[in-house]
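Colleague: Below is a structure I'd like to ask you about.
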Amino acid sequence: MQANGAAAAAAGEEPAGSGCLSAHNGESSEPAHSNGVLSSNNGLSGTGSTGPTEQPGGRKKKRLSQADEDVIRLIGQHLHGLGLNQTVDLLMQESGCRLEHPSATKFRNHVMEGEWDKAENDLNELKSLVHSPHAVAACRPSSGGSGSEHSPTSCPTADVIRRMKFLLLQQKYLEYLEDGKVLEALQVLRCELTPLKYNTERIHVLSGYLMCSHADDLRAKAEWEGKGTASRSKLLDKLQTYLPPSVMLPPRRLQTLLRQAVELQRDRCLYHNTKLDNNLDSVSLLIDHVCSRKQFPCFTQQVLTEHCNEVWFCKFSNDGTKLATGSKDTTVIIWQVDPDTHQLKLLKTLEGHAYGVSYLAWSPDDNYLIACGPDDCSELWLWNVQTGELRTKMSQSHEDSLTSVAWNPDGKRFVTGGQRGQFYQCDLDGNLLDSWEGVRVQCLWCLSDGKTVLASDTHQRIRGYNFEDLTDRNIVQEDHPIMSFTISRNGRLALLNVATQGVHLWDLQDRVLVRKYQGVTQGFYTIHSCFGGHNEDFIASGSEDHKVYVWHKRSELPIAELTGHTRTVNCVSWNPQIPSLMASASDDGTVRIWGPAPYVDNQEFEEECSSMNS
């Protein structure tokens, strides 16, 4: 923010750098039209305050700091937006502050009244304020249908004024067109906009609006609200970016700061697991934001015991309505998730996987499920989930080992492979489309581009393979075997379970190791971890010490250790649609469903969820 008493401009302008004045206050201001800022200078004039001022009764008012002045202006702007104009007048009178520079106030009023010639003349008065050293920053594109221009931040003053003039004339042109004044609009286009020699591409677009047959057509094509308060307020928001905040406050500045504070508190909350609501009415500003562990999926809601041997894998469907579990007992069980109670019930049992089921993959539309077996298994099963019928049982050779599978995003192809060097791309009928020789695959994932397949191999790395042009490249290199990995929804992050090391987070774009998560016990068993929670802010993994570990993505220390299983936890799956629902599969033959604590028996909850804040 600017210091008090900034030098006044040559044309007798008041200093741009001060929001508070020491002179006496006169008559109250007129109500403003817009943007939550008072439309007059509250009768104030003079220079910035330099010391304590005399108040009625002989008391000296303490000189306000720059922070105090800023807060008063923010409060005044907010109160004015609520229509409390008399309160604003009293606040400004007692504090000796003003909300904005008088030239800016005049400019604002002329814009909101649609007095374009006067607003254009006001730009001459604002030149010296734009030139102020406080009018910072770089030219960046602005968004919006009628705002393809750039907004400034360290552009020459003449260029800034030209950009502001362009915005004014554009609004003037559109309003003429909407009113049916085509000749006047054409005059603005030819004699005022075009001579500016600025943003000729936009001028070509504007000229095309002359062909609009009626006002609705114009508003639709221009993506413009039409003549009136809404479009003019948006115009003012854009124009304000060219002026320093000491001259004109950014619109709704206090709300912006409060919203940022709430978002920061939520971001720092280790247990925040719900959708962010940017509406300030949904939160209390009187206390800091904090989520209780009791709202987090740390409590066992169900124990599924229908499998009769070790459960090696579990995975929720993409729509979150089903859970598939695979076991050493040769079966896959499909469970239905109740959308209201979040309880699971057995829907279908798929049998006949002679070697057991160690990996499962849902098709993108959840209509199909592929099941793979352990190292000795040369077959995979493609099931129709709706009917429970086996569509394809695929095997290329009895010597194969097909232990991993991943769906192409189109849902019509999948890739599969294993540690004996098989790496195939197939269609839904199991027909071989492509193959890659000599790749000993541990785990697979198809990226959203529909071309690239990520594969971890026996060389402790993840490589990207393109089946279209048959190219491959190294992406991740670890020092120990990668037992499994999964990719975040946006394709940016990879979560690896590394033998003897634990859980590692990699940035695939920058190809760097981001974080090593502590606590988990990982030997040479295949353990599958997952991203989860709202916005995938959390990470969960099984462990050989019989626990489920949960971390916040940015914290190396676990925020929860979930107990209940009695043997190694092989896999954890977080429901992609219900952030408070999680499943874990264990060698103890059970699948545990985790959710928030019930309203009663909190003592039992604390025993099950031992949480450590980082």
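Cβ from N, Cα, C; glycine included.
Annotations per Swiss-Prot:
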- 1-65: region 'Disordered' (REGION)
- 1-19: compositional bias 'Low complexity' (COMPBIAS)
- 34-44: compositional bias 'Low complexity' (COMPBIAS)
- 67-99: domain 'LisH' (DOMAIN)
- 306-345: repeat 'WD 1' (REPEAT)
- 352-391: repeat 'WD 2' (REPEAT)
- 397-437: repeat 'WD 3' (REPEAT)
- 477-516: repeat 'WD 4' (REPEAT)
- 519-561: repeat 'WD 5' (REPEAT)
- 564-604: repeat 'WD 6' (REPEAT)
Colleague: Counting by DSSP secondary structure, give me helix, strand and coil numbers for the repeat 'WD 1' (306-345).
Modeller: 0 helix, 20 strand, 20 coil
Colleague: For the repeat 'WD 2' (352-391), which partner among 397-437, 477-516, 519-561, 564-604 gives the most CB pairs under 8 Å?
Modeller: 397-437
Colleague: Do any residues of this chain, six or more beyond the ends of the repeat 'WD 6' (564-604), have a C-beta under 8 angstroms from a C-beta of it, and if so which?
Modeller: 273-274, 293-305, 307-316, 318-321, 323, 325, 327, 337, 342-344, 489, 525-534, 538, 540-544, 546-548
Colleague: Against which stretches of its own chain does the repeat 'WD 3' (397-437) lie, if we need a Cβ under 8 Å and a gap of at least six residues from its ends?
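Modeller: Answer is 358-359, 361-365, 367-368, 370, 372-380, 382, 391, 443-446, 448, 450, 453, 455, 458, 465, 467, 470, 472.
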Colleague: May I ask for the residues of the chain that lie six or more residues beyond the repeat 'WD 5' (519-561) and have a Cβ under 8 Å from a Cβ within it?
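Modeller: Non-local partners: 270-276, 293, 296, 298, 313, 358, 481, 483-484, 486, 488-489, 493, 495, 497-503, 505, 567-576, 579, 582, 584-586, 588, 592, 594, 609-614.
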